[in-house]
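Structure first, commentary second.
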Amino acid sequence: MHESLYLLGFSENGWGPALLKGTWITLQISFGGFLTGLLIGLITASAKLCRFKSLQMIANGYSTLCRAVPELLLIILFFYGGSSLINAVAQRIGFEDFNVAGLPVAILVLGLVQGAYASEIFRGAIQSVHPGQIEAAQAYGLSQKKIFFRITLPIMAPNALAGLSNLWVYIIKDSALISVVGTSELLHIAKQAGGSTKEYLLFFGAAAVIYYLITLISSYFLRILETYLRRWQPKH
Amino acid sequence: MTFIMEYSDLILEGLWITVSLLIISFIFGFILSIFVALSRLSHYKIIALPAFIFTSVIRGTPLLVQIYIYYYGLGEVFAKMPGIRSSFLWPYLRDGYWYVAFALIVSTAAYWGEVIRGGLLAVPKGEIEAARAFGMSAFKILIRVRLPRAIYILTPTLAGETILLLKSTALASTIAIMDLLGAAQRFRSITLEVYQPLLTVAAIYLLITLLIEHLFKRVENRIPTRG
C-alpha cells in the first residue's frame, strides 16, 4: 500500500493536482448550489406564506416532490430533462445543438433540490418571528420591505442558521452525486484515478478524507457564526 | 400509458429490490443504532470515543463514496484474496446488492444512533427512578422503560429518517443494480425517453413515502398520550 501512496502526490504520475482540482470544483458546485438553494428557498417560502392559494399549492407541490423523491433521481431528471429542454428551446429559436456545460447545470440542479429543504427552514424561521414585533414595526409606519430587512430577517437569521448549516453539510455530500452525470468533481476524479491505476481503495479513501475535512472545517466555522448571530438573544 | 405495461416487469423487479433494501437496512440499521447510541452515552471513554468517531466519519462523508469504497475498494481486495473465489462467500461478495445493503446498514446505524441517543436522553428522569424503585436491573430498565419510551418519543423523527433511508436506496443504481431508479435508467436507455420513466418512478417513490408516513402515523396513534 505505502508504495502506491505516491500516486496521491504531486510527482509525474501523481494524481494530487487532479484531486485538488476536483476538490475545487466540488466546493464551487456546493457553494453555488447552496446560494441558489437559498434564493429558491426564500422565494418558495414566501410563496408558501402568501395569500394566493395557487402559489401556495405550487410551492407546496415542489417541496413535497423534492423531499420525497431521491436526490439522485432528481439530479438525473433535472440534468437530462433540463438539458434536453434547453436544447429544444435553442433549436426552436434557431440555434445549433447547445452543449450544456456541466458546472452551471450541476449548480442549478443541486440548488433546486436544496431549495425545497431551505423553503421549509425559512418558513419555520419566519413563523417563529413574533407577530407583535411586526405589528410594532407597522405601527412605526415602516414599509413592507423595510419590515422584512430590518425586523424579520435579523430575527429569523439565527433560527434559520442551525437548519441551514445542516443543509450546507448535506450539499457537500450531495455534490458527490453529480459525479454520476459526469461533471469532473472530486468523486468523479477519484473514480477515474481508481479506474486507471486499479487502486480504488486508495483513491476513494482519499476522497472520503477530503470530504470529511471539508465538513469538519465548515461545521466549525458555522458554529462560530451561529454563536455570533445569537449574541444578543436572551440566554436560557 | 402503454410504456408502463411494456416495462412493468422491470419496474416491479426494481420495486422489489428497493423495498427489500429498505427493509433490510431498516431492521439491521435500527438494531445496530441502539448499540451505537448506548456506546455514545457510555461513561467509559474507551467505549464512547470509538462510537463518536464512527458516527462523525460516517455522517461526514458522502454515502456514495462509502458505497464505492466497499464495492470497488473492498471488492478489489476480496477479489485478490486467494481461495475466496471458490468459497461459498463469493456469490455474495460479487453481488453489488450486499455492498449497498452493508453501506445502508452502517450509515443508518450512524444517523439513527444520534437520533436514539437524543431520545434516550429525553426520557423523563422520574420514570427511570420509578423503575429503579421497583428494583429493576439496569438492563431491564433499558429494555422495558428507556428504549420503548425513547422510541415512542422519536416516532415522528424516525418516520422522516425512514424516508431519507428510502431515498438513499436509490444509490444502488450507481453500481448497476436494477432497483427502481436503475429500472428507470434502463428503460430510459431503451426508449430514449427522459421524462416518462423518471417521472413514473418518482411517482412510485412518492407513493412509498406516503405509505411510510401512514404506517408511522398508525404506530403513533396506538401510543396513548395525554390530552
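Cβ from N, Cα, C; glycine included.
These features come from TrEMBL:
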- A:23-222: domain 'ABC transmembrane type-1' (DOMAIN)
- A:25-47: transmembrane segment (TRANSMEM)
- A:68-86: transmembrane segment (TRANSMEM)
- A:98-118: transmembrane segment (TRANSMEM)
- A:147-171: transmembrane segment (TRANSMEM)
- A:200-222: transmembrane segment (TRANSMEM)
Contact between the transmembrane segment (A:68-86) and the transmembrane segment (A:25-47) (3 or more Cβ pairs under 8 Å, separation 6+):
no
What same-chain residues lie close to the transmembrane segment (A:98-118): Cβ under 8 Å, and 6 or more beyond its ends?
25, 28-30, 32-45, 62-63, 65-67, 71, 74-75, 78-79, 82-83, 86-87, 90, 164, 167, 170-171, 174-175, 178, 181-185
Quick test of the contact rule: Cβ under 8 Å, at least six residues beyond the ends. What residues does that give for the transmembrane segment (A:147-171)?
30, 33-34, 37-38, 110, 114, 117-118, 121-122, 124-126, 128-129, 133-134, 137-138, 215, 218-219, 222-223, 225-226, 229-230, 233
